[in-house]
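Down below is the structure, laid out as structure tokens.
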Amino acid sequence: MSSEPFKNVYLLPQTNQLLGLYTIIRNKNTTRPDFIFYSDRIIRLLVEEGLNHLPVQKQIVETDTNENFEGVSFMGKICGVSIVRAGESMEQGLRDCCRSVRIGKILIQRDEETALPKLFYEKLPEDISERYVFLLDPMLATGGSAIMATEVLIKRGVKPERIYFLNLICSKEGIEKYHAAFPEVRIVTGALDRGLDENKYLVPGLGDFGDRYYCV
């Protein structure tokens, strides 16, 4: 279901199961193995929800009982693009759902003094303009890195309506800023936090996702 006030923001159903998963990964005392395990579970849910929004066409197949089944098949090709480093944690979840999926990478780092993003590196599939793109980054805080990454994709010929931005936690500020720049991009998220602190980190948040996932 789309999350108001933006039609292209989709919040996962806030079930007890999902809230339980977030309780574990937000807990500062959670061990690294548990943080990885339960984060991966949420990532899988985000990927599955993202796949639900891809266009399909009707397809009829014959079953082993010699009967026809009317189903659907996906129209087009997809790829994942992770915003390095934290976004790489979401790549396996996409691979688990989509066999032989192609993965690109964009490295954007935040200036700790200005909190502004800076592009350092990009490696994308040559035919990315022909694909639907799952942009992967666990946290949407200020929106600066996500906006820059999306600009890179658009410059490579990807249409905004073919981009699906998947993240575990986002801020209202980040959504507003990102949506103002790219209203046609779909955002699929699992949690909406109340805001940012003086260091531009999500609150209540969970700390630095990349550090906790990769144990740095």
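Cβ atoms are placed via backbone N, Cα and C, with glycine included.
The feature GTP binding site is assigned by Swiss-Prot to Arg32, Arg41, Met75, Gly76, Lys77, Ile78, Arg102, Arg131. Gly76 (GTP binding site) counts 12 other C-beta atoms within 10 Å of its own C-beta, drawing on all protein chains shown. When secondary structure is read from DSSP and collapsed to three states, Gly76 (GTP binding site) falls in the coil class.
As annotated by Swiss-Prot, phosphoserine applies to Ser82, with the evidence given as a large-scale study or a structure entry. If you take the C-beta of Ser82 (phosphoserine) and look for same-chain residues 6 or more apart in sequence within under 8 angstroms, you find Glu88, Met90, Glu91, Ile103, Gly104, Lys105, Ile106, Leu136, Asp137.
Under the heading 5-phospho-alpha-D-ribose 1-diphosphate binding site, Swiss-Prot lists Arg85, Arg110, Asp137, Pro138, Met139, Leu140, Ala141, Thr142, Gly143, Gly144, Ser145, Asp208, citing similarity to another entry as support. Cβ neighbours of Ala141 (5-phospho-alpha-D-ribose 1-diphosphate binding site) (same chain, under 8 Å, six or more residues apart in sequence): Cys170, Ser171, Glu173, Gly174, Leu196, Lys200, Tyr201, Leu202. Taken residue by residue with DSSP, Ala141 (5-phospho-alpha-D-ribose 1-diphosphate binding site) is part of neither helix nor strand, so it is coil.
Summarising the annotation, Swiss-Prot assigns D-ribose 5-phosphate binding site to Tyr201. In this structure, Tyr201 (D-ribose 5-phosphate binding site) belongs to neither helix nor strand by DSSP; it is coil.
According to Swiss-Prot, the feature uracil binding site maps to Leu202, Gly207, Asp208, Phe209, an assignment based on similarity to another entry. Long-range Cβ proximity for Asp208 (uracil binding site), meaning a same-chain Cβ under 8 A and a gap of 6 or more residues, is found for Tyr201.
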Quiz item: Under a criterion of Cβ-Cβ distance under 8 Å and sequence separation of at least 6, what residues of the same chain contact Met139 (5-phospho-alpha-D-ribose 1-diphosphate binding site)?
Solution: Ala86, Asn167, Leu168, Ile169, Cys170, Leu202, Gly205, Phe209
Practice problem: Starting from the uracil site formed by Leu202, Gly207, Asp208, Phe209, give every other residue of that chain whose CB sits within 8 Å of the mean position of their CB atoms, in sequence order. | Solution: Met139, Tyr201, Gly205, Leu206, Gly210, Asp211, Arg212
Quiz item: How long is the line from the C-alpha of Ile78 (GTP binding site) to the C-alpha of Ser145 (5-phospho-alpha-D-ribose 1-diphosphate binding site), rounded to the nearest angstrom?
Solution: 22
Quiz item: What's the CA-CA gap between Arg85 (5-phospho-alpha-D-ribose 1-diphosphate binding site) and Gly76 (GTP binding site) in angstrom, rounded?
Solution: 28
Exercise. Mind checking which of Met75, Ile78 has the fewest other CB atoms within 10 A of its CB? They're the binding-site residues.
Key: Met75
Quiz item: Which state, by DSSP, holds Arg41 (GTP binding site): helix, strand or coil?
Solution: helix
